[in-house]
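**Student:** Found this in TrEMBL, in case it helps:
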type: DOMAIN; residues: 482-559; note: domain 'DUF5921'
type: REGION; residues: 572-626; note: region 'Disordered'
type: COMPBIAS; residues: 591-600; note: compositional bias 'Polar residues'
type: DOMAIN; residues: 702-752; note: domain 'Transcription factor IIIC putative zinc-finger'
Amino acid sequence: EAAAAAAASAGFRLTAVRREPAVRLQHGASGLEPLAWSEDHRVSVSTARSIAVLEQLSDVHSGGQDMVIHRTAVPAPAAACMLKVGPKKEVAECKEKFASSVDPTVSQTFMLDRVFNPEGKSLPPMRGFKYSSWSPLGCDANGRCLLAALTMDNRLSIHANLNRLQWVQLVDLTELYGERLVEAGYRLCKADTPCGELGDFPEFQRRHSMQAPVRMEWSGICTTQQVKHNNECRDVGSVLLAVLFENGNIAVWQFQLPFLGKESITSCNTIESGISSPSVLSWWEYEHNNRKMSGLIVGSAYGPVKIIPVNLKAVKGYFTLRQPVVLWQEMDQLPVHSIKCIPLYHPYQKCSCSLVVAARGPYVFWCLLLISKAGLNVHNSHVTGLHSLPIVSMTADKQNGTVYTCSSDGKVRQLIPIFTDVALKFEHQLIKLSEVFGCVRTHGIAVSPCGAYLAVITTEGMANGLHPVNKNYQVQFVTLKTFEEAAAQLLESSVQNLFRQVDLTDLVRWKILKDKHIPQFLQEALDKKIESCGSTYFWRFKLFLLRILYQSMQKAPSEVTWRPSHEDAKILISDSPGMGSTEDDQEEGTSKQASKQSLGDTGKGVDIDDTAEDSLHQSSDSGGREPMVEKLLEIQAQIEAVEMHLTREHMKRVLGEVYLHTWITENTSIPTRGVCDFLMSDDGYDDRTARVLIGHILKKMNKQTFPEHCSLCKEILPFTDRKQAVCSNGHIWLRCFLTYQSCQSLVYRRCLLHDSIARHPTPEDPEWIKRLLQGPCTFCDSPVF
């Protein structure tokens, strides 16, 4: 038995490897859980002045082996947040009265409570962020995640990154909730007793505690039914945001998707949890026999944990609990620091179940919930002996149920749930960050959506028994999976979207750039998938591997590409009038500059054709580089073939939409005839589905062509290239990769990795064209901005 247990634990052995770069923070981390990783691969770090947002990209145009990170920030508001507890003049008088009260229980309580005094005065200012939470994927106008941010002075707001470079505040929920309380007379319902006078200190405290947020969490996306003007019902996506307040009340906001601002708020309902001194909140979402149930898990600073029923009116397919479910009722003074709810499948009971884990001091409390014929079964216990210090952060991989906890001494524990006949047990192992980063202190951890990376906030640890003089806060990354595990997960993925698995593709990218070849087992497995399934996802995965392989064989630039050179300055001087330069000198200077430019472009995100020519020129200088030239040309030909296949498949989809949604002789504004001719122009392309579809469309069009015209000279724009349209007068327009229309405007969108461009939807577009324009990039699955 001991040998079997040792073999089982060896099977879960984890080797953490450091992943560069380490991102240094401009300000110290703040809040209880300062780190969060979104479903669209953005890491938010709560600091004393802003929320630093680190977006992970799997860049196919860069040959560097480091992780590619795009960095933005959400700044903290300059003005302090003042909660609405009454008229400004009356509030000022009450504050002066309480501050000068002869009763020390009133004056000291008032002066030391930062909810009453957010501006500080003699105390340090309450700047920075307390907590941040990411919404599910698909909530903003670009189909990405929203960020809910809670400041130290109790301002709760929702932000969106609409243009990739700037974060925009969409709504201030603290202000809106305060206005609702003022209209309701600071009562939850009309049956409540009228509120007291603001001059009474208990009433003053009550009005603050009922609108001072502690935590907030997003639900999953649910479907609601909306009645149209003609009494037809249509399904509309919505998302819920639960906000936990100091007095134990929970406000549940319902937002219609995509969330655009105040006008997208559908409703706000307040629930009384009955929890005293609440500390943490999490959603419980359970699915059983196609019936969905939901509730809110609330933890207390005194120890209890329970699930509160949430009545989701007008939400399709949702049911609720009849009464609260107590998961842990002991008032043992172990505060609940963090709660995670993980949906799993029980292999013995053959049904879905929910695993709830909560960090309580140095222990992990777990509770297994499953619904059987007898009702709701609850199994709970504690995992002890994990840390010698309290747990400061906890995160969970929702794909396999693995839980990670960390204490401030730089020790991380990995807990893997293993089901038994009755409940479950945990296999856990220690990850010493000191063996990866050296002696460090940890302040927060977060796991990537697919479990490939662990992000850690670190500062310097003790050296020779002494604490460091200065603290440098950094976000560092360690790997949790090997290349083989990442490749296998990508091949067997049910998501079939490269953008939603960026952490896995980054591990594959790192391996190929290091070894400069694609492993044989991955090539063979991918070819089998393409032959058996034919899904465009595997073709996009193949295109990704070929592009990374191409970048790995590029010659690295000999110097920094952005640094100006002295030779460029000499060229400018020789070209200036009055210097007497000869034509030979000018030609020599021009050739030097051109060669310098081609060398610098090799490391940038430029077109494949340009980099291929540059690498050919560089490699032809030495006679021994001929095999490399042939290899590059072969890879380039494979890339072009895969891109053409993906283009044809998307063209077939566009033509299918045209056929389904247009009447006879109707101009769709999509160059239908040009797309049909482009598909059939290659004699080697023989797709019976495409031929039948094109035959039906041409019969429907009745010999009409509906060509596009250049907006500058009114000449016809022929469809000879999938990327651009050129009229007879030489005017060049880029083509939208989603609809293949020419983008004849100064503003257009581009995919995240700059693969393709797309036009903006217009009010004149029918719904099916707007739906096409909402799609991701056909080459890399990235969203379009």
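Placed from the backbone N, Cα and C atoms, the Cβ positions cover glycine too.
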**Student:** I'd like to know the mean pLDDT over the domain 'Transcription factor IIIC putative zinc-finger' (702-752).
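**Tutor:** Result for the domain 'Transcription factor IIIC putative zinc-finger' (702-752): average pLDDT 90.
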**Student:** Give the residue counts of the domain 'Transcription factor IIIC putative zinc-finger' (702-752) per reduced DSSP state, in the order helix, strand, coil.
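**Tutor:** Here the numbers are 0 helix, 15 strand, 36 coil.
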**Student:** What is the three-state DSSP composition of the domain 'DUF5921' (482-559), stated as helix, strand and coil residue counts?
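**Tutor:** Its residues fall into 56 helix, 0 strand, 22 coil.
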